[in-house]
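**Student:** Residues or ranges marked as domain 'Carbohydrate kinase PfkB' in TrEMBL: 56-333. What TrEMBL records for Gly74, Lys75, Gly76, Ala77, Asn78, Glu175, Asp290 is substrate binding site. Taken from TrEMBL, the feature ATP binding site covers Asn220, Thr256, Leu257, Gly258, Ala259, Glu260, Gly261, Gly289, Asp290, Asn316. Here TrEMBL flags Asp284, Thr286, Ser322, Ala325, Gly327, Ser331 as K(+) binding site. Sequence annotations record features per position, and here TrEMBL assigns active site, proton acceptor to Asp290.
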Amino acid sequence: MLQKNNVNSETYRFIIYLYCVSAGESQAGLKSFFSCRNMKHRQQKCNPSPDLTTRLPKAGETVLGQKFFIGFGGKGANQCVQSARLGAKTSLICKVGNDSFGNDYVENLKKNGVSTAFVGQTTEAATGTASIIVNSEGQNVIVIVPGANLLLNSEDLKRASDVICKAKVVVCQLEISPAVSLEALKMARASGVKTLFNPAPALADLDPQFYTHSDVFCCNETEAEILTGIPVGNLEDAGKVGRMLLERGCKLVVVTLGAEGCVMISVEEPIPKHVPAGKVRAVDTTGAGDSFVGALAFYLAYYPKLPMEEMVRKCNCIASVSVQAAGTQSSYPYRKDLPQDLF
């Protein structure tokens, strides 16, 4: 996001994230990883192991775990960290518990160069967590316990209004109360700030105003199906989803498709366009979507004149790097480790 600093007359690009905040997985969430032959469970503070099972456990099945990891996560925080590692100046607006996990998370954000001026800590709820199971193919299922994330409210947004309204890009998700995310999008749009909305976890009854207040609406295939009722099994399905979301008021829709890259469609270019991803061997796909969104926010803020298709192609490349290592934030690449033609 772009912001003017009147003291030094310098121009800053800021990206503000309203992500579920607890200090764990939701906005600043905790991910615990349980690595075993059949599963990897993840909570917040460490990285998962690539030593996984050939399949996800069935309902009622118990499998023997080999290792347990805790790693930092949470959609908003993940996206924020990825943007920061690419060189963006970012700020996270969220809430975590006043506990050891919350303290650790604040330190983690600082170490990643993320502003924590609006990361609140509360004694009313624990830091949010997420349990993640990953198979040997790198696919995962996730259960989130929001915790302190859901305590972020309008007063918190008012305190952060200056940074929201002066940002270049504001990114919102649904790991905080939907009403708070929507309010943040409205604040940003009213100030001419570009908005990027990631409807995760998806809600079938999502408030229609989310569509009209999002400059870029980015969802994965699972979220797309929940939102539209259309199962996304191929590129044509993704295009159908995109068209339906445009009809609901979106300006530009990106449907991410994992290894297949993504499909994008906009009001200006209403014909769905497939942007493929490079072929890589996935070790752990957890957080790849957040890497993509974080990279997209970076390009929207720092390279606003770049064609959207080119932005998306570069985001695919960055997300592809993240799936080749275990963990979520721990797998996110730094700018110095990426091909310089991405910048």
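Using N, Cα and C of the backbone, Cβ positions are placed for all residues, glycine too.
Looking at the shown structure, can you explain where the listed features end up?
**Tutor:** Cβ-based neighbour count (10 Å, all protein chains) for Gly76 (substrate binding site) stands at 33.
Around the Cβ of Ala259 (ATP binding site), 15 further Cβ atoms fall within 10 Å across all displayed protein chains.
Within the same chain, residues at least six positions away from Ser322 (K(+) binding site) with a Cβ under 8 Å of its Cβ are Gln82, Gly287, Ala288, Ser291, Ser331, Tyr332, Pro333.
For Asp290 (substrate binding site), the number of other Cβ atoms no farther than 10 Å from its own Cβ, over all displayed protein chains, is 28.
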**Student:** Take every residue in the domain 'Carbohydrate kinase PfkB' (56-333), average their pLDDT values, and give the whole-number result.
**Tutor:** 92
**Student:** Do any residues at least six apart in sequence from Asn220 (ATP binding site), in the same chain, have a Cβ closer than 8 Å to its Cβ, and if so which, in order?
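**Tutor:** In sequence order, Ala200, Val255, Thr256, Leu257, Gly258, Gly289 meet the Cβ cut-off.
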**Student:** Counting other Cβ atoms within 10 Å, pick out the least crowded of the binding-site residues Gly261, Thr286, Ala325.
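**Tutor:** Per-residue Cβ counts within 10 Å for the binding-site residues Gly261, Thr286, Ala325 bottom out at Ala325.
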**Student:** Taking Cα atoms as reference points, rank the binding-site residues Ala259, Asp284, Thr286, Ala325, Gly327 by distance from Glu175 (substrate binding site) and give the first.
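**Tutor:** Among Ala259, Asp284, Thr286, Ala325, Gly327, Thr286.
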**Student:** Give the residue from the binding-site residues Gly74, Gly327 that has the most other Cβ atoms within 10 Å of its Cβ, counting over every protein chain displayed.
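**Tutor:** Of the binding-site residues Gly74, Gly327, the highest Cβ count within 10 Å belongs to Gly74.
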**Student:** Given the binding-site residues Ala259, Asp284, Thr286, Ala325, Gly327, state which is nearest to Lys75 (substrate binding site) when distance is taken between Cα atoms.
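**Tutor:** Closest by Cα distance to Lys75 (substrate binding site) among the binding-site residues Ala259, Asp284, Thr286, Ala325, Gly327: Thr286.
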